[in-house]
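K.L.:
Residues or ranges marked as active site, proton acceptor in TrEMBL: His19. Annotated substrate binding site per TrEMBL: Arg15, Asp16, Ser169, His196, Tyr287, in sequence order. The Mn(2+) binding site feature in TrEMBL is assigned to Asp16, His196, His198. Look at TrEMBL and you will find 7-257 tagged as domain 'Pyruvate carboxyltransferase'. Sequence annotations record features per position, and here TrEMBL assigns site 'Transition state stabilizer' to Arg15.
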Amino acid sequence: MSNQSDIKLTEVALRDGSHAVSHQYTVGQVTSVAKALNEAHVPYIEVSHGDGLGGSSLQYGQSLTDELKLIEAAVSVTDFSKIAVLLLPGIGTIEDLKKAAGLGAKMARVATHVTEADVSKQHIETAKDLGMETVGFLMMSHMAPASKLVEQAKLMENYGADTVYVVDSAGALLPHEVKERIAALRQELTVNIGFHAHNNLSLAMGNTLAAIEAGATRIDGSIRCLGAGAGNTQTEVLVAVLERMGLKTGVDLYKMMDIAEDIVAPILPKPQEINRDSLTLGYAGVYSSFLLHANRAAKRFNVDSRDILVELGRREIIGGQEDMIIDVAAELAKAKAPV
Ligand SMILES: C[C@H](O)CC(=O)C(=O)O
Ligand SMILES: [Mn+2]
């Protein structure tokens with residue numbers, strides 16, 4: 001196991017978890033969660049629409065509250081934790097980034113599909129100019145071999161990313177595949193390497209430990225598993241596991257347990273669990289944030305959401321192609337209609 005004792009956690013419930021609450025976060029909820037996470041000394045708290053800045057739309061899901069208000073609220077109650085924002089070029093813009101920085105966001109995480117890192121250049125460079133810490137976030141990392149990931153990660157490193165993440169958006173990676181990817185990045189890059197898991201195959205914790213063993217020092221978690229699909233690596237559990245391993249996070253375990261139980265659990269519309277739909281995301285290799293949309297399409301077209309997800313996986317549909325969920329559901333409905 002790595003002898004690194006400085007694992008820096010980013011809590012993503014107020015961003016990735018936005019999918020799980022159908023993008024309905026209120027200022028009150030974000031304020032109470034961010035304030036408590038700050039008191040627990042979580043280094044980074046990500047706040048944005050689930051699909052990043054500018055994500056509120058019919059295509060990605062409309063937010064109840066303007067995300068800039070949520071960012072402002074989180075910044076106003078944090079004096080230890082740094083507020084991070086996610087930006088997917090093409091969904092969010094440089095202007096969105098400037099507004100978030102103006103409100104006090106200190107970290108920009110620029111996310112692209114695993115083979116499209118070149119579109120992150122101007123966003124990473126602008127974030128640097130704004131004085132933000134920068135992260136390159138390579139989504140759907142199961143869709144590319146380690147050699148491709150290295151090539152793409154190097155682009156982000158050259159643009160000025162301080163950290164590059166392997167992002168298992170579908171929760172489809174197996175531990176040996178995580179290890180191979182992180183080890184390759186660790187060998188070829190000089191910047192920090194991070195890992196973001198989804199628990200759809202119940203592998204988020206195992207994969208996270210594999211990533212740490214291979215050299216990752218920046219890890220994402222969602223408290224009470226409040227993330228897309230079956231959620232991410234459960235942050236409070238990770239803090240406990242790392243402490244048992246002698247790896248320091250600086251995060252207060254008891255406080256995290258209390259936040260999970262007393263503040264986050266009451267926010268959840270239903271407990272975060274691996275059910276037939278989230279399991280299918282991991283099994284079929286589908287972007288976790290598609291779950292909400294696939295469920296809605298399944299109801300609308302009276303088809304099995306698993307069939308939609310498996311077909312999306314077969315077609316290798318990726319983030320940004322959410323309109324294909326409706327197409328696939330309509331096609332499945334047509335195929336099963338009596339002639
Ligand atoms: C926009 C995505 O939801 C980012 C993410 O958390 C992932 O790919 O996983
Ligand atoms: Mn995610």
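Quick reminder: no glycine exception, Cβ is built from N, Cα and C everywhere.
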K.L.:
Do any of the recorded positions Arg15, His19, Tyr287 touch ligand 2, in the sense that the CB is under 6 Å from one of its atoms?
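P.N.:
The qualifying recorded positions: none of them.
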K.L.:
Same-chain residues six or more away whose CB lies under 8 A from the CB of Tyr287 (substrate binding site)?
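P.N.:
The answer is Met139, Met140, Ser169, Ala170, Leu281, Ile317, Ile318, Gly319.
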K.L.:
With substrate as the bound species and Arg15, Asp16, Ser169, His196, Tyr287 as its recorded binding residues, calculate the greatest Cα-Cα distance and give it in Å as a whole number.
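P.N.:
Largest Cα to Cα distance for the substrate-binding set is 15 Å.
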K.L.:
Can you check which residues sit near His198 (Mn(2+) binding site), meaning Cβ under 8 Å from its Cβ, same chain, 6 or more apart in sequence, and list them in order?
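P.N.:
Within the chain, His198 (Mn(2+) binding site) has Cβ neighbours under 8 Å at Asp168, Ser169, Ala170, Gly171, Ala204, Gly227, Ala228, Gly229, Ala230, Gly231, Asn232, Leu281, Gly282, Ser288.
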K.L.:
Please list, in sequence order, those binding-site residues from Arg15, Asp16, Ser169 with the Cβ less than 6 Å from ligand 1.
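P.N.:
Cβ < 6 Å from ligand 1, in sequence order: Asp16, Ser169.
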K.L.:
Since the record lists Arg15, His19, His196 as recorded positions, which of them has the fewest other Cβ atoms within 10 Å of its Cβ?
P.N.:
His19
K.L.:
Given the Mn(2+) site residues Asp16, His196, His198, which other residues of that chain have a Cβ within 8 Å of the mean position of their Cβ atoms, reported in sequence order?
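P.N.:
Leaving out the recorded residues gives Val12, Val167, Asp168, Ser169, Gly171, Ala197, Asp220, Ser222, Gly227, Ala228, Gly229, Gly231, Asn232, Ser288.
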K.L.:
Compute the centroid of the Cβ atoms of Arg15, Asp16, Ser169, His196, Tyr287, then list the same-chain residues not in that set whose Cβ lies within 8 Å of it, in sequence order, for the substrate site.
P.N.:
Val12, Gly50, Ala111, Met139, Val167, His198, Gly227, Ala228, Asn232, Ser288, Ser289
K.L.:
Using DSSP, would you call Asp16 (substrate binding site) helix, strand or coil?
P.N.:
coil
K.L.:
What is the one among the binding-site residues Asp16, Ser169 whose Cβ has the most other Cβ atoms less than or equal to 10 Å away?
P.N.:
Ser169
K.L.:
Note the mean pLDDT of the domain 'Pyruvate carboxyltransferase' (7-257), expressed as a whole number.
P.N.:
98
